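Data block below; observations after.
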Amino acid sequence: MAEQSHDPWQSAMDHAVAVARKAGEMVRAALQVQDKCSPVQTKTSAVDLVTETDQEVERLIIQSVKSKFPSHSVVRRALCAHYCPTWIIDPIDGTTNFSFVVEGTRLWACASGFAVNQQVEWGVVYSAIEDKMYTARRGRGAFCNGRPLQVSPQTGQRESPYRCPTDSSLRKVLSLPVHGVRGAGSAALNMCAVAAGFVEVYYETGIHVWDVAAASVIVTEAGGVLFDTTGEGAVDLMSRTIVAANNKPSPRESSSSWTPAVQDNNI
Ligand SMILES: O=P(O)(O)O[C@H]1[C@H](O)[C@@H](O)[C@H](O)[C@@H](O)[C@@H]1O
Ligand SMILES: [Mg+2]
C-alpha cells in the first residue's frame, strides 16, 4: 500500500504498532530456542550484545518499513541529520536480559522512534511478555494499551524499602541523597516506568540513541522532562547520557527531591 498523505506520521506510527506486535511474538518464540538467544559475533559485539533474534527482528522492521514507506530511512545510529523521516529502531532493547534469560526476562522491549528534522515525532515501545504497548505522538499524549499515561506527581523523597546506594558516580552526577535504586535493564522500559508514574527518575550514561529515542517522547508526552546529566542542559539524544524524570527540581530542591530508578552500567 502506498504512503498515506493525509497524516503520514500517524500511519507510520500505526504501522510501527503492528510491526512491534509481530516483532514481540517473534522474540517470545525465540526464547524457546537456545541458538536464537545466543550472542553472535559482530563488529561491535564487544560492546553491543547482538543475537540472531536481534538481527531477524531488525530485518523484519527494515523490510516492512521499506515496503510501506519507501521514502523513510531506518537507522540505529543517527537521530536524523536532515529533514528525512527516519525510524530509529531497537529490535530488542534489553538484549542481555533476553539472551541470558535471567529472571526478569520481561524487561526487554521492541522499540521504534520516528524523527523528522531532529525532532522525535512518535515512539512505540512494546513489552511483549507483559503485552504492554506504550505509544506517544508529539503533542497528543502518551498511552499504554490505549490508557493515558501520566508521570508521578511526587516532589519529595518517598518512603522506600531500598537502601541509599553508595555509588559515588551516581551521587556525583545527580547530587541527590537517593533512597530507592533499581537497575534491571531495558532503557526503554525504564523510561516508560517514569512515564507511567511508577518511578520518578531514570538516569543512564553510555546509552545510545536507539535505546532512548522511542521512549523519549513517551516520557515528555506523559508530562515528564528529559535533561542531561549535569541537570543544566536540554537532553541531546545523541550524547549518550540521559535523565528522564517526572519533574526537574530547582537546585535548591535537588538535595532531597527524587526517588530515582537508576541504571549506571557504563561509568
Ligand atoms: O539491549 P540493548 O539494545 O543493547 O540496550 C541496552 C543498552 O545497551 C544498555 O546500555 C542499557 O543499560 C540497557 O538498559 C539497554 O536496554
Ligand atoms: Mg537498547
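Using N, Cα and C of the backbone, Cβ positions are placed for all residues, glycine too.
Per TrEMBL, Mg(2+) 2 binding site is recorded for ASP90, ASP93. Annotation for ASP90 (Mg(2+) 2 binding site): same-chain Cβ neighbours under 8 Å, separated by at least 6 residues, are ARG76, ALA109, CYS110, ALA111, SER112, ALA188, TRP210, ASP211, ALA214.
Using a 10 Å radius centred on the Cβ of ASP211 (Mg(2+) 1 binding site) and all shown protein chains, the other Cβ atoms total 25. Residues or ranges marked as Mg(2+) 1 binding site in TrEMBL: ILE92, ASP211.
For 246-267, the entry in TrEMBL reads region 'Disordered'.
Taken from TrEMBL, the feature compositional bias 'Polar residues' applies to 247-267.
Taking a C-beta cut-off of under 8 Å and a sequence gap of six or more, ASP93 (Mg(2+) 2 binding site) has these contacts in its own chain: TRP108, ALA109, CYS110, ALA111, VAL125, SER186, ALA187, ALA188, LEU189, TRP210, ASP211. Selection of the binding-site residues ASP90, ILE92, ASP93, ASP211 by a Cβ distance under 6 Å from ligand 2 yields, in sequence order, ASP90, ASP93, ASP211. In the three-state DSSP reading, ILE92 (Mg(2+) 1 binding site) counts as strand. Secondary structure from DSSP puts ASP211 (Mg(2+) 1 binding site) in a helix. Sequence-distant neighbours of ILE92 (Mg(2+) 1 binding site) (same chain, 6+ apart, CB under 8 A from its CB) are VAL27, THR51, THR53, ASP54, VAL57, PHE98, TRP108, ALA109, CYS110.
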